């Protein structure tokens, strides 16, 4: 089974993916490292640009029939049996990305993406089985337990569990309104 764990940067993907793979006894694969090692991703300033079509091809060829947890911001674009979309309050995303040294522009882009469900919408366009999990206020262990419960129950789709639209006023300070 291929499980993809995606979400806005700062939602907790890597921590949760590693713990989930450990709990399931699955192989852990970083999409970023996979792309760089296969020459389908390149560093451009402080980002990595990945050819998503090539990434999907590599995943299909190398991981089909294997038990793998794919960790990465773009993992919802590759063939997977189930896609887990991790969500976190936009303010929490902002705090985490600020601590990582993200530029104001990149921080704003990611806070806005979380506010308006960008990753969730992309995942739903690409995949049949999408499970949305809110990580806000939960330990990584609690998040993994929730994911395991959803997987064991056979839940096919769980979306719409978060709505950050009411949170706009609380995170507007992180957005670059009117800035170029």
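Numbers here mean position along the shown chain, with the first residue as 1.
Note: Cβ is positioned from N, Cα and C throughout, glycine not excepted.
Listed features, source Swiss-Prot:
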type	residues	note
BINDING	10, 12, 13, 14, 15, 100, 138	ATP binding site
REGION	30-50	region 'NMP'
REGION	99-109	region 'LID'
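When the binding-site residues 14, 15 are scored by other C-beta atoms within 10 Å, 15 scores highest.
Each of the binding-site residues 13, 100, 138 was scored by the other Cβ atoms within 10 Å of its Cβ; the lowest score goes to 100. Under a cutoff of 8 A between CB atoms, and with a sequence separation of 6+ in the same chain, the neighbours of residue 12 (ATP binding site) are 86, 88, 135, 140, 143.
Taking the Cβ of residue 10 (ATP binding site) as centre and 10 Å as the limit, one finds 24 other Cβ atoms among all the protein chains shown. For the region 'LID' (99-109), the number of residues in each DSSP class (helix H, G, I; strand E, B; coil) is 7 helix, 0 strand, 4 coil. Spanning the residues 10, 12, 13, 14, 15, 100, 138 that the record associates with binding ATP, the maximal Cα-Cα distance equals 20 Å.
The average pLDDT the prediction assigns to the region 'NMP' (30-50) is 82. DSSP places the residues of the region 'NMP' (30-50) in helix, strand and coil in these numbers: 7 helix, 9 strand, 5 coil.
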